[in-house]
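In what follows, a structure is listed as structure tokens, so that the remarks can point back to it.
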């Protein structure tokens, strides 16, 4: 069906006392992203014309965390219920648009479910998201007559008979803007909590002869809210299990799906293998036949075909061409780039550095602000000294250079093609092509020398 224009209201004013945190509840993260950000993203994907965020506690923290989102900030100075929260946003509703109500602490609601709810909303009526629970204790019950929804009764206000109802309200609903404003103006706080319930608009709509259509989510986890860290951790595992299942069905071999975390977006080729306890953050692309060892963290990086990343390696904002090998225990920091067939071994760190085709840095090395050519050997213990305490400087190493172990290259410095740097050398001046650079202290040997003896 053809949908009206739609705006979304996200309720995010709660303090989250049971989180025992100085951070507003909705800013606690699930899969590396604030819970409320999941909801904002869903609203935007659904095509919301406006997103109204109702906030209360921790407003400054919320505005700082969500500064890049195009939000209309609506203050709820007193937390007097969900109906009161919606009343604060009501002046911003257009009469001819639909208003979808969501919650900042219900992070896993899917766009697919919301679209079905939107499509199901009857003209002049309400679309309501409900679920059936074996134990509905504590939740508002859906009342019906002859199968038609007539209202919602909160648990504290329900009779014993009503408490036997298993269909409960999720709090998510959609209605026309003009209707919503009219119903919100009629709300009272005559209930056990002394609050203004948004759920009372269901009975108001029914009294006007309006139709209320109930829709069920695809998964219960979509409508589960978070009030404490235990609930958040459970939803985290639900989310991660769903992501792992999608990847497995798409051909990615996860050695143990229960020990894999996706905290962003993973684009992948064929025959990718990921071992246990791997974390993927941000936007990551893995080419064909990539292998990632246990304990690795990959963030905002592109890994080319046939690359192998050995255990306990951290890769962040890096680009690897085909057939590179890294680790174990290596660290590629932002700006690291490996060309085809390059190798970075254990305890090697790279930052804003390029390692050319077939070049190798096998172990115990720091390469920062460096441009390294093809077929270069970087010996163990090599350090590019790129920082003078105030500014960073660049090291340039040409093709086919051999850098011996325990070498320091004091930037800015250039080493020409084919040069050799002897082990233990401190390079402070440019080295010409095919030259040998050596700066060792001359070795002294004392024959018959005896070690000191400790005095008694």
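Each residue, glycine too, has its Cβ placed from N, Cα and C.
Quick look at what Swiss-Prot annotates:
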{"type": "REGION", "residues": "1-229", "note": "region 'Pyrophosphorylase'"}
{"type": "BINDING", "residues": "11-14, 25, 76, 81-82, 103-105, 140, 154, 169, 227, 333, 351, 366, 377", "note": "UDP-N-acetyl-alpha-D-glucosamine binding site"}
{"type": "BINDING", "residues": "105, 227", "note": "Mg(2+) binding site"}
{"type": "REGION", "residues": "230-250", "note": "region 'Linker'"}
{"type": "REGION", "residues": "251-456", "note": "region 'N-acetyltransferase'"}
{"type": "ACT_SITE", "residues": "363", "note": "active site, proton acceptor"}
{"type": "BINDING", "residues": "380, 386, 387, 405, 423, 440", "note": "acetyl-CoA binding site"}
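Taking the binding-site residues 227, 377, 386, 405 in turn, the residue surrounded by the fewest other Cβ atoms inside 10 Å of its Cβ turns out to be 227.
The Cβ of residue 387 (acetyl-CoA binding site) lies under 8 Å from the Cβ of 368, 393, each of these being in the same chain and 6 or more residues away along the sequence. Cα spacing between residue 227 (Mg(2+) binding site) and residue 405 (acetyl-CoA binding site): 56 Å, rounded to the nearest whole number.
Burial estimate for the binding-site residues (105, 154): highest at 105, by number of other CB atoms within 10 Å. Note on the region 'Linker' (230-250): DSSP counts are 20 helix, 0 strand, 1 coil.
Distance noted between the C-alpha atoms of residue 14 (UDP-N-acetyl-alpha-D-glucosamine binding site) and residue 380 (acetyl-CoA binding site) is 55 Å. With respect to residue 423 (acetyl-CoA binding site), the closest of these recorded positions in Cα terms is 377, chosen from 81, 154, 363, 377.
Of all Cα pairs drawn from 380, 386, 387, 405, 423, 440, which the record names as binding acetyl-CoA, the longest spans 23 Å. The binding-site residues shown are 105, 405, 440; of these, the one with its CA atom nearest the CA of residue 377 (UDP-N-acetyl-alpha-D-glucosamine binding site) is 405. If you compare Cα positions, residue 154 (UDP-N-acetyl-alpha-D-glucosamine binding site) sits closest to 105 out of the recorded positions 105, 363, 380, 386, 440.
Fewest other C-beta atoms within 10 Å: among the binding-site residues 11, 380, 423, that description fits 423. If you take every residue in the region 'Linker' (230-250) and average the pLDDT, you get 98.
Each of the binding-site residues 14, 104 was scored by the number of other CB atoms within 10 A of its CB, and the lowest score belongs to 14. Straight-line distance linking the Cα atoms of residue 440 (acetyl-CoA binding site) and residue 363 (active site, proton acceptor), rounded to a whole number, equals 22 Å. Here residue 363 (active site, proton acceptor) comes close to 345, 346, 347, 348, 380: these same-chain residues lie at least six apart in sequence, with C-beta atoms under 8 angstroms from its C-beta. For the binding-site residues 333, 440, the ranking by surrounding Cβ atoms (within 10 Å, all protein chains) places 333 first.
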